């Protein structure tokens, strides 16, 4: 993985920072966040500005360029990847480590007095802007909006913004019509005297209107904004895709609807001008709702006295709690996904000993088996197919230069998922096709114990996900080990594979309490640099728990695994498990047999069925 040579790009960018045609006044630093104008985690090629400038293409990271320095902040998932992809012009800032300065503190330490720090106001989230501006201002510096993105100025072959056809989803998939969703949203707006609600997150717009797209690879979303009023709906979207007969019928565009459900379609780039026009007509007490994750440009288009910011929008919270149709769809999707993976692992067991399977060919085979399943649309993220030392790169994606051959001597980790019309999947399994070492088994067993501890947890209603994070780490901590990523994230229903507002992470952030119907992942891991990676990941559904007592009548919750793929018992030090942990695994494997075995039979996949039965034999400790 040769690093990208960035000297000339940095020279051009620094020149733009001083050029009066690009900035009103020279700036001494320029910030390049990861996201797009919608603060998306996964972005279209035209928005990969940070990757273009630095070579680092992980999904999380912020680049800051000054006249003399170029620094990159990223989290523990990407330390190894960033170090390999960036050349020596760059300094890697490892977020979460005690000696790593924050972006603000670093800027204060390196900037000359009275410096101006620039950033594209359409890309930077409002909450980030406020935090950065406050620290810089206190040190005598200024954070300033640069309306023409400077990276775009030097990116001569920047791709066009995608504008692909839309897909409509019926009630069998969504459970609720878009009109009902708008009505529910308006009730929440009325409760707080909100007259307009600005929707900027792409997955929230897709969910609200029961539409899907493919403008961003692996994420079924489309570039758009929406403004919902108490009596008006405005959808900002480009291209003629809204005129497709199925879409027009779905959105009722040709019907003489009552005005409150009539959708006004406007150009995508007119969002700021239209928002300013709406705000000009507000009476003194009227408020406009917007997420504090929305761009600073959108937030600033709303006068401060009328602006009502929130960390999570009502759409974000409603989307996270799956209704019965969405939950049923997610179950169907995970059954199909398990069938594909049983086929894959059976194939790998046969082919790896022959010596011809690589990380890339294994990932391709996983996609091939998934494509055979009904309603398959796309992968849900690039497959992480990694063997041996590549497994220690947490978000590794194989490329020809790094592509290793799977062998009988190394641990193999595959983290993969799919988008089906009825749901989104995300599953990780770690396997050995030969004989694992005692240390590999020991580490795998610690990870498994953590996985079981979360999955089997019973906790009071109202518990936030970060309180469960230590459950996953306890066995690792006992031996002085740990992992540098969160334990779980929310999962969309045929939407983004990562979604808020819930999750399981050691980071203290304003996550919403877990409630029945939410879907998250359970994915502890352990990574030995230069040797191997281990992760066990299931998607789980939050469900009510049956308990002996009910303190203060508050109720309890637990998790139901939706992922039903065998966990390789060869990798387990069974005697290190408790009886309760053995019982959990045996029960889980029995469910795999009952549910996935039946589907494999229905689809006539006999060899994969035989593999499933072999891999789900009960285990027991030697007493």
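Our numbering is plain: 1 for the first residue shown, then up by one each step along the chain.
Cβ coordinates are placed from backbone N, Cα and C, and glycine is handled just like the others.
The Mn(2+) 2 site recorded in Swiss-Prot comprises 489, 523, 537 together with one of 422, 426, 594, namely 426. When 409, 415 are compared with the Mn(2+) 1 site residues 426, 537 in Swiss-Prot, the one appearing in that site is 415.
Take the peptide site that Swiss-Prot assigns to 77, 489, 498, 523: the candidate from 141, 142, 395, 589 listed for it is 395. Nearest to residue 537 (Mn(2+) 1 binding site) in space, judged by Cα atoms and limited to the recorded positions 77, 304, 489, 498, 523, is 523. Rounded to a whole number, the distance between the Cα atoms of residue 426 (Mn(2+) 1 binding site) and residue 304 (N6-acetyllysine) is 41 Å. Note: the Cα of residue 77 (peptide binding site) and the Cα of residue 415 (Mn(2+) 1 binding site) are spaced 13 Å from each other. Apart from 426, 489, 523, 537, the residues listed for Mn(2+) 2, the same chain places the Cβ atoms of 415, 427, 428, 488, 491, 521, 522, 538, 539 within 8 Å of the centroid of those Cβ atoms.
Neighbour count (other Cβ atoms within 10 Å of the Cβ, all protein chains): 26 for residue 523 (peptide binding site). Within 8 Å of the Cβ centroid of the peptide site, not counting the listed residues 77, 395, 489, 498, 523, the chain contributes 394, 485, 486, 521.
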